[in-house]
Every structure is written in structure tokens, then in C-alpha cells.
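Trainee: As listed in TrEMBL for this protein:
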| type | residues | note |
| --- | --- | --- |
| SIGNAL | 1-26 | signal peptide |
| ACT_SITE | E120 | active site, proton donor |
| ACT_SITE | D261 | active site |
| ACT_SITE | E354 | active site, proton donor |
| ACT_SITE | E375 | active site |
| BINDING | T478 | Ca(2+) binding site |
| REGION | 532-561 | region 'Disordered' |
| COMPBIAS | 544-559 | compositional bias 'Basic and acidic residues' |
Amino acid sequence: MQKVGNNLYVICHLWVFLGLLAQGISQKHYTRARMLELREDVRRMFQHAYDGYLTHASNYDELRPLTCDGHDTWGSYSLTLIDALDTLATMGNFTEFQRVFTLLTKKMNFDRDINVSVFETNIRIVGGLLSAHLLSRRAGVAPEPGWPCQGPLLRMAEDVARRLLPAFDTNTGMPYGTVNLRYGVPKGETPVTCTAGVGTFLVEFGTLSRLTGNKIYEEVALQAVYALWEHRSPIGLFGNHIDVQSGRWTALDSGIGAGVDSLFEYLVKAAILLNRPELLELFHEARAAIDKYMRKEDWYVWVGMNKGHVTLPVFQSLEAFWPGILSIIGDTEPAMRTIVRYISVWKKYGFLPEFYNIAAGEASPDREVYPLRPELIESAMYLYRSTKNEYLLELGERVLESLEFSAKTKCGYATIRNVLTHEKENRMESFFLAETSKYLYLLFDSDNFLHSDGAQGELVETEENACVVQAGAYIFNTEAHPMDMSALHCCHDHNEDIFGSLDLQRLSANAIFKRSREQQLVEQEHWVPQCQSQDFPNYDAEPIPDRDRDRDRDQEKGKHSTTMAVDIEVFDEFEQPVGDVLVSNFERIREERELNQSLLQIKVLRNQLTVSDLDEFFARRRENFASTTDALNYVLAFMGKFTMDVAFIRGLQLYDSNISNFLGAGAQKEYEERMRSLWELYALEQQYAANVLLIQHLQLLSFQTDGEVMRTHLAEVLDGLDRQQDPLHTQLEIAALADSFSHANSTPQVGDIDQAILKACVGYEIALMNTTAMQAFVHRIYLMGTKDAAPSFSPLLDPVELGTLKVVQLKPPEQRELFKYTRRLVTFRKRMSETVDRLQTLMQKLTPTKEKAVAVATATAQPAVVPAEAPPAPNTNTEVREKAVQPELKQQKESEEQVVDSEEGSVWSQFVQTILRKTTVQRVKFDEALLQEKTRKALEKHSHDENPRELFTCQRPEFIEQFAYREFYPVT
């Protein structure tokens, strides 16, 4: 009996323990001293990663923590340095802040001919510069006169923002996804961008407008949000990608994660920062649809935007921001329930995978990566500030332990490639220093100035007024860059005199009270309670009998209408119809999944490469093999046995981006589109190399001469590629060709085409037997894939032994497949040359010659009858005569220049240049004033929108709202 009682006692305690975990109640107590210890641990983590970046990658955007070097990712402007600047101020490292501040002020220049992401540049660069500008005074930087409305980082932020403005010059006001910092939107830029890329500008651009007084930034950001809002589905949901020119949705999945997340975040934060309650109304309306269709037992799934049916039952790590947003608006109970769900995934793996299949209860295949994202810690920080629940501190401690144990390297912290195995990837994104470290630090630092409640501030005097700064509240952008809300009010009034045009008599106490009272009485008389939405259809209304008859009449009229069909078939540079390419892009995600689950699993069995396999491979020596053939067979078998997933191929950055300069962007897509064995990757690289060398040898990209000569040369190249190459008979001939081919240091002159093709073919055949090159390829994977020092390798076969191997010669179909990239390039250039020749012929027929045009222009400029001019007398003043003739010569010269200009700028000429892409990069015509005028006109229809605020289920009368929201209460 006593034993049974003890068992029941244990079971009851276990049940209580599990219940506490489910409710998010911590089993640990954190003293102030313990929190400070954890805060200092975070500081050391940040400093280790920051020092690694400065030492190994300060001239690059990001650090590669496994190889301890750097690489450019978003724009080649020392991204991490800017992104981490306000974190230095947050942690009190003012000395380093001042050093970087001075460095940026002296050396940073954004006038560069580079294409950048509008979204990423805004949140990381513009946001980082604005935040650093607002924190510079606290960090000990001597402010210049007029601060915070003036300052070098503020001017730098505005310079970058102005370079992003051309992206907003679209039919809808929604911005393009890419812009060139010097020339504007690149020609041919896709109009499709993600939803978050449209709605994530209000915090940065609003701050910039309030600090500088230039309204255009806030206005274009606001118009982009309204345009996106107008295109939401009938059930109130947003898709994932949209065409910014037409407003057509191209991806119809709706969720709160990747591609959409920061839209909802900015509706809340911009409403607070910019004092725009209408944005908060939009968020509440959007949230109602989210809770109705996406929320499933405190998880949020992906649904179809039009019908609300579940399409993807997954949790994405980017969705972890949502509890933090709910905390900001005060809805902490559902926020805690949701974050407990997310924490359960963290506890299962030690990290959050990018995709977690809720139904299966496991990380989604090929989505097991964790790139050191901050969203879960961000929500924990917000919720702890609201609830003081120590369960969230326990989460922060566990996160810190996981990062130190599994992600730390000798020079930084690495992305976790697979949360199941905790393998590392050679990348440390800038947001690890900008967000993850900062939110962890703030979680444990309860007294940090960024937690200010506005009770204290600093008085700043300017020439015209005085204002309070550094009082908070601080609003973080989606890259965790804090904006001082008090500073915005300081500069807004200073730069814009809102009282200058006001009729002060109308604003007197008695006048305001009188008008308000009259309006309230009028509205009281006409007000009728409305307990249901005005959007509901009136089912009691009589049907309109003529509606069906009108529709039938329109359909009948359409049958007899005449239309002109224009059959135009457009091809891209890869000889694919553009329409087919567009359709294939829509189906890409579904086809990739089906391909990976069916064909690839049959032909390429998944056998992931490990460090142990690599160590065993490089431990082999020549004496382990009886013959050269045995050594070759071993290497071939090893490379054919192991595979590389798409995430591995992309993460290791095996593809050489220089190849795209010769073969186009399609080569990289092909290289990284699916799982491949090591042998397939190696063979594909050699195929690329053979095509690149052939293109260089035949000068296909640099061949410049008249059209007919170029077309003849291209036709000869095509004939050479189509002809069957004679096989070589002796190994000596193979060796001789290979030697001459490998020692060609400079680009050969155009010569025997067949010989060039043969050399490239032989080089490829030899590469497929070259065990040393294969070892070097595997060694490169070892270096890129692990932080461990890769062992040096000795070639299994020396050059003499390699020469004894029998080279397998390619068959004609294999030769044709080998040079498909060269054939594609030649065919494209030949077709374009022929097209241009035909268009120029049309131009000559349709456009008058220069001599005729000049003659016509001259005849038009001169009078119809010109009297004969008498010969000048001996004493005639030649200077006077020249002045008399000068107006006629000037008029004739202007006519000739107009003709020349009309020729150069004709429609046909521009069309030819566009097709050939021969024009140099030119600044796209962009008028900032015109964009502002167009934006303000679009915003007019929203300026008087009545956003009804509802109490329970019935709408309150507006006269009550106006009285309650009025800031001035005069004495009666």
C-alpha cells in the first residue's frame, strides 16, 4: 500500500512538472548576479565574432568562419561593419564605436556601379546608419551643430535611400527588388518581388523623413503598403510574391514567415514610431484573417491566399518573430502559448531548422539549416519585458550554450548546416552581430538604456528650438537597429514649420469648442447604430433583372467582334520561348520536390559525405594499389559513391561565379539545381571548363567586326561543332595536343576551328582520367566544408603514370552534348546579328538618308525665293558680311544636328540597341519630384479614410471618437 502511494506521489509530481513546462514556467530562478554573468557571456561571444570579422574580413560584407576569410554577399560595402555598429553602443563599447564612426565618415562611398537588394540595403545599411547616427551622441561622438537633424551618418543614410528611390517608380508604387546604386533600376529587372520586400520600409524611411524634413521617403513607403493592402485577397490574406507593375500575385501561398513576415512587423512598429494609428488598424484587420485561416492549435501554417486551405503545414524559423509582435500590442497570453511551441522545437534539436513539419514532427528534408537567426530570441526578449517569466531567461541560457558548443569556430560562429548532426557551414551572416547577439544581451541586461520607459531624457538645444532626445521609446527595425522615437519629434518640427500657414484665430479655445459641439450635435441627430459590417451583402434587396440580360448581350456582342491577332514568338538567349520559361518558373518549386522524391532517389542514392570518409580517402597512398588502373578505379568509385545535397552545394560555394561570365546565369542554376554525386559535379565542372576554353580560343565574346564577317565566323563555328571530329589514334598525339592546350597562357588567335574544338575535347577526355585533378576537387570540398585543417595530399599517380592511362574517347553524340553551351552562345549571337541586319535594312527604307534630311531641313529653314547677292564692293566690310551670313549657317547647323540626333535616337535604333544589349549602362531617367507628386496623388484617397474603431460588435458613433481622441479640451 505504501509502495502504491509512493508511485502515485511520483506520478503526481511528474504530471505537475510536465504541466509547468507546457505553460512555459521555469524551474530555475535567476538572480541579478546570474543574469549579469550571462550578459557578460554574450558580450564575449559578440567580441569573439566581431574580432574575427575585423581580423579576417573587414573589407568584405561577411566573415566565412571556417576558412577565416571574407566574401561579399549583399553589395560589397563592409556590411557587417555597419550592421554591428549600434551593437557596440548597446554593449557600451564606445571606443570602438567612435573608431568605426570615423572610418565610415572618411572612407565610405556608395556611388558604385553595383546591383543591390532594395530590401536588404534598406534594413541593414539605411537602418544601421540611422541607428548609429541617433546613438552617436550617447557613444561619445561630438555632435555637429543641428544634431540630431544633421550629421555625417544621417547624410550617408539619405544618400543611400535616395539611390533606392528609383525602385519605387512603378505603376503601383510598390518597389522593384533590385536597384543599381549608380544607375537606378537595371534594364530588364524582373518586376516580381516578395511581399516583405514591398512593405518593409516605413520604419527606416519614416525615420529619415522625420529627421531630414524630406517627406518623399515616408510617402513612398506608405504608398507601397497601401498598394499592397489593396491587392490582398477577398478573405484578407497576402500572397508571397507580387508583380509590382501589374499587381498580379505570382506566388499564392500565404503565411507569416519567409517573404511576408516583416510586413506585419512594420505595421505595428511604424504605427508606434510615426504615430499613425491607421497602420495599427490595418494590422488588426490582417491579424483577424491570420487567426481565422492560419492558426492551428497555437501553430501557424501556410494556406492558399484565396480560399484559406492549408497548403504547407510547416513552421518556419522566421515565423518566431510573431510572439514578439503580439507582446508589443499587449496580447501576451497567445504569444506565450505560441512561443512555447517554438521552444519545443529548439529543445528537440538545439537549434531551429528553417522548416519544421508540424504534422510529421520533424525537420523538413533539405531545410535543416540554422543560419544563426535571431527571431526566437527577439520574441523572448519582448515577452520577458512584458511578463518577467523566467522560462524565457532559461531559453536564452540554452541558446547561448548551443551557440558556444556547436557553432563556435576559431574566428567566429558558423551557420549550422544540419540541426540533426550540428554540421557547420562556412558562413556567418551579419545579422548574428546585429540581431542575435544584441537581443541575447538585452534579454539579460534589464537596465540597458534601450529599455528606457521615457522617464528620463536629455535636453538638446538647436538654433530655433529645444527638444528632448534619448528618452525612448526605442523601436527596432527588422534588423534590430533601434530608432529613438523622441529624436523624430525633435527634428520634425524643426525642418517643417507646421504652424506657418495656420489661422491661429480658428484654433482658439472658443472656436475649437464651438465647431466641435456643432459637429457633434449634427452627427448625433443622424447617427444610426450599425451592428454588422457594411461589407455584408443585402440579401433582402430585390434582384436586378437586367443584369443577366446585359451579360448575355455582351457575350453575344463579343462573338461578332473582330480582333486582330498578332503572332509574336519571343526567345531568350538560351533559345527558349519566354512564355515557356515564365510557366516553368511558376512550377519550379513543385517540380523540384517531385524530382527529388522520384527520379533523383532512384538514380542518385543519398549517401552524404563525412569527414571520416574524406580522411580515409586522403590516407590512401600509391603503394596501396597494384596498378595505375586500380588507383583510378578507386578514385572513380569513391566519387561516384558519395553525394552532395543542394544545400551543401550552395553552402560550400563550389561553383565558380566567373563561369557565368561565359556561359550565362543558367550554368549556376544547373550546377546547384539538384543533388549530385561527387563525380557528376566534377564532370560538370570539366564540361564548363572545356566550353570556357573553347569560347576564349575562338574569341566568341570579344570578336568585333562588321556584321557579315561575324556571321560568317559564327556559321563556321556551328559547322565545326556539328561535324564529327576524327578520333585520335595514338597516345602521343593526345599528349601533344593536351600539352599545347594546357600551355596556352594567352587567348589564342582565331585559327583552325576544328583544331580548337579537338583540343578542348581532348582536354576534357584527359580531365576525366586525371586522378590528381579529382583529388584536388575533393580536397577543395574538405577545405570548404569543415573548420578542421584539411590534410595535404600527395598525388596517387605521377604525370608519367597518368600518361599511361588509356583515355576513353567521346562518341559523336557525347561530343555534341559536351559543347552544348558553346553551341547555345553561338546560335544566339548569330540569330541576333541576323535580326539586327534585317532591322537596319528596314531602317534604311523607312528613314531618309542624312543628306536628304539635311537638304529638306535647310530648304524648310530658308525662304522660298532668295535674291541674287551682288558682288561686294572693294570697300565692303567683310566682318559685317560674315555677321549677316552667320544666322543662316547657325540655323543650317542646328538642322543638321537635329537630323543626327533623330537618327541616333530613333525608335528602330533604340530597339536594335536594346536587343543587342550594346548600349553602355546609362542612368534610367528618374525624376524625384515627379515620383513625389505621383505618390501624393495616390495617397489622397487614403488621407480621408474612415477607419471605424469598433467596441465589442457595434460601431461607436464618430462624435464620441472625435471627442475621446481630441488632444485639446478648452475651458467652457
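From the backbone N, Cα and C atoms, a Cβ is placed for every residue, glycine too.
From a predicted model like this one, the values you see are computed outputs, not experimental measurements.
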Trainee: Please report the number of other Cβ atoms within 10 Å of the Cβ of E354 (active site, proton donor).
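Mentor: Around the Cβ of E354 (active site, proton donor), 22 other Cβ atoms lie within 10 Å.
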Trainee: Give me the Cα-Cα distance between E375 (active site) and T478 (Ca(2+) binding site), rounded to a whole Å.
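Mentor: Counting only the Cα atoms, the answer is 9 Å.
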Trainee: Take the Cβ of D261 (active site) and count every other Cβ within 10 Å, whichever protein chain it belongs to.
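Mentor: Around D261 (active site), other Cβ atoms within 10 Å: 24.
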Trainee: What whole-number Å value do you get for the CA-CA distance of E354 (active site, proton donor) and D261 (active site)?
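Mentor: Cα of E354 (active site, proton donor) to Cα of D261 (active site) measures 14 Å after rounding.
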Trainee: Taking just the CA atoms, what is the gap between the residue listed as 'Ca(2+) binding site' and D261 (active site) in Å?
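Mentor: For the residue listed as 'Ca(2+) binding site' versus D261 (active site), the Cα atoms are 10 Å apart.
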Trainee: Have a look around E120 (active site, proton donor) and count the other CB atoms within 10 A of its CB, chains all included.
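Mentor: E120 (active site, proton donor): 18 neighbouring Cβ atoms within 10 Å.
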Trainee: Would you mind reading off the Cα separation of E120 (active site, proton donor) from D261 (active site), to the nearest angstrom?
Mentor: 14
Trainee: What is the Cβ neighbour count of E375 (active site) at a 10 Å cut-off, with all protein chains included?
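Mentor: I count 25 other Cβ atoms within 10 Å of it.
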